[in-house]
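Colleague: First the structure, which I've put down as structure tokens, then a few questions once you've had a look.
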Amino acid sequence: MDGSCVATSFRIPEQVLTSSGQRMQLLGFGTAAHPLVTPEVAKQAILQAIELGYRHFDTAYIYGTEQPLGEAIVEAISLGLIKSRDELFITTKLWCSDAYGELVLPQLRKSLQNLNMEYVDLYLIHWPLSTKQGRYEFPVTKEEISPMDFGSVWAAMEDCQRLGLTKSIGVSNFSCKKLADILALAKIPPAINQVEFNPLWNQKKLREYCKANGVLLIGYSPLGASGTLWGSSRVLENEVLKEIAEAKGKTVAQKQICLKWAFEEGVGVIVKSFNVERMKQNLEILDWSLSEEERKRIGDLPQSRGCTGESFVFENGTFKTIEEFWDGE
């Protein structure tokens with residue numbers, strides 16, 4: 001570390017997960033990167049995030065950042081930034097090609113080996129579908145996709161929690177219908193549903209369903225995933241968000257407005273930036289509020305999905321939706 005980071009004075013809000021009693025920061029640090037970064041770049045960014053005060057880190061086997069995250073945590077302890085791994089909340093995810101009952105537990109053990117950990121705090125099913133075993137590439141072709149056997153996969157996820165390899169289990173990119181399928185057979189209900197969430201795709205129906213069933217919603221792509229294969233700049237270019245940002249005098253404009261709005265809607269957020277200044281800016285949403293009128297203007301924005309259920313399948317040279325596996329909101 002070069003000493004350029006200063007620990008934040010802001011207290012990041014936390015949520016207690018009902019399934020485990022764990023405390024989880026509602027502002028998580030995402031480690032997915034597009035384009036991909038080197039393991040060393042990822043490791044240094046995570047170290048800087050820990051120094052700034054982030055304690056919730058989100059990774060996945062498909063991201064290729066489990067090992068850099070584990071190495072960063074070991075170094076953070078040696079530098080005295082944290083006393084132990086137990087101070088952190090670590091999420092990783094089961095990729096679609098391992099979404100088969102007999103593969104869930106072995107795959108979590110692989111992730112734990114990458115992370116150099118005895119347990120993770122949260123293990124998520126990455127998408128509500130299965131793909132060809134042994135293939136770890138994104139996007140996938142439509143021919144590789146098959147419906148997931150929720151019964152065997154969720155039973156194996158529950159085994160992972162019972163064995164203490166994860167403190168909590170959950171899902172990602174699940175619609176109301178898919179979540180209902182899990183809840184109908186779960187002995188241990190999902191603690192989390194992590195989905196695309198931003199002012200132009202506010203997941204109102206899904207939020208209400210999750211709240212009614214005790215599932216905490218965590219949002220990714222709060223800025224619309226601008227610069228990725230699947231995202232766009234439509235959130236950052238929205239005129240209403242620009243006007244509110246200007247009225248608030250925010251130097252990073254719509255970015256802080258989007259993050260603050262998500263927080264005030266009661267949704268946790270995964271932010272992704274390997275730039276230390278932007279990491280700091282993401283924390284500067286904690287000492288001010290949106291007005292009721294501003295929140296209403298944001299809530300009234302026209303809705304359209306960006307990447308959830310979209311841009312997942314590559315067919316004939318273009319990205320296609322997979323509505324038969326998504327079932328809408």
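Placed from the backbone N, Cα and C atoms, the Cβ positions cover glycine too.
Straight out of TrEMBL:
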DOMAIN    27-298  domain 'NADP-dependent oxidoreductase'
ACT_SITE  Tyr63  active site, proton donor
SITE      Lys93  site 'Lowers pKa of active site Tyr'
BINDING   His126  substrate binding site
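Please go over these features one by one and say how buried each is and what sits next to it.
Modeller: Every protein chain considered, the tally of other Cβ atoms within 10 Å of the Cβ of Tyr63 (active site, proton donor) stands at 22.
Within its own chain, Lys93 (site 'Lowers pKa of active site Tyr') has Thr59, Ala60, Tyr61, Ile62, Tyr123, Leu124, Ile125, His126, Ser172 as residues 6 or more apart in sequence whose C-beta sits under 8 angstroms from its own.
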